[in-house]
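J.: Got a structure here, written out as structure tokens. Questions coming.
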């Protein structure tokens, strides 16, 4: 029996464009970053039994992204044994931060290494778990397109580092619900053939981009609009935007001190919001 402790970082979509829909899946383009907010997973390999335990949330223990990973990878390994995972959830659930996908990817990386499963196989299996899982396998700044499987890593992209994250308390938002109700008058045009090369061009793209799911999310959580309005008023806020399918929003800053001012003020004045700062990895 072997025990491992792994961390699963939260994801932020700096922008998210929807290009169309094929075979019931939306095609997208998104710039993703990962931040220093982590779920902590204790993974026991060759445990007395397989299973998943969430220490502080009522998440289905028998049908979740981690159980799916354990099952899928066991089918691709001759050395598979019982795996038990205990999860401390720090990433907000149903909030657009890819917590479930991050957990799945963390377990996938570990088991892939221990069971000697090739990275290409892991990437193919990741998409079966969820559209964010391939990106979470990397957990680095990247540009994703298609269903999320077409990934371009951007190791040299230097972005503003400090993020204030704000979510309305008690208002989870289902990704499936948002996508199922997404009915645009027109889809976004692709940018993948004209990706920026220079640093300044990437920053300009980020500033001028958007989250195409915002209007749909607002139908279910109108408070998102107020959060964005408040964030945009703060000094030196570069952008304020919703991440993923919501309802979490973020504001981007160059300086930690500016982000800390926002967090202090909102934690004092908005007890109805969850507010914390983070840093891009």
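Positions of Cβ are set from backbone N, Cα and C atoms, glycine also.
Owing to the predicted nature of the structure, the values given are computational and were not obtained by experimental measurement.
Sharing the feature lines straight out of Swiss-Prot:
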type: ACT_SITE; residues: 11; note: active site
type: BINDING; residues: 92, 93, 94, 95, 96, 97, 98, 99, 100, 101, 102; note: ATP binding site
type: ACT_SITE; residues: 132; note: active site
J.: Please identify, among the recorded positions 11, 92, 94, the one with the smallest Cα-Cα distance to residue 132 (active site).
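T.: Nearest in space to residue 132 (active site), counting only the recorded positions, is 11.
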J.: Distance check, please: Cα of residue 94 (ATP binding site) against Cα of residue 11 (active site), rounded to an integer number of angstrom.
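T.: Taking the Cα atoms only, residue 94 (ATP binding site) lies 12 Å from residue 11 (active site).
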J.: Return one of helix, strand or coil for residue 100 (ATP binding site), based on DSSP.
T.: helix
J.: Around the ATP site formed by 92, 93, 94, 95, 96, 97, 98, 99, 100, 101, 102, list the extra residues of the same chain whose Cβ is within 8 Å of the site's Cβ centroid.
T.: 10, 11, 91, 244
J.: If you compare CA-to-CA distances from residue 11 (active site) to each of the binding-site residues 92, 96, 98, 100, 102, which comes out shortest?
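T.: The smallest Cα gap between residue 11 (active site) and any of the binding-site residues is with 98.
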J.: Of 92, 98, 102, the binding-site residues given in the record, which has the fewest other CB atoms within 10 A of its CB?
T.: 92
J.: Counting every protein chain present, what is the number of Cβ atoms, excluding its own, within 10 Å of the Cβ of residue 132 (active site)?
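T.: Taking all protein chains shown, residue 132 (active site) has 29 Cβ neighbours within 10 Å.
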J.: Mind checking which of 96, 100 has the fewest other CB atoms within 10 A of its CB? They're the binding-site residues.
T.: 100
J.: Helix, strand or coil for residue 94 (ATP binding site)? Use DSSP.
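T.: In the DSSP reduction, residue 94 (ATP binding site) maps to coil.
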J.: So how many other Cβ atoms are close to residue 94 (ATP binding site), meaning within 10 Å of its Cβ?
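T.: Taking all protein chains shown, residue 94 (ATP binding site) has 19 Cβ neighbours within 10 Å.
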J.: Hey, what's the Cβ neighbour count for residue 11 (active site) at 10 Å?
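T.: I get 25 for this one.
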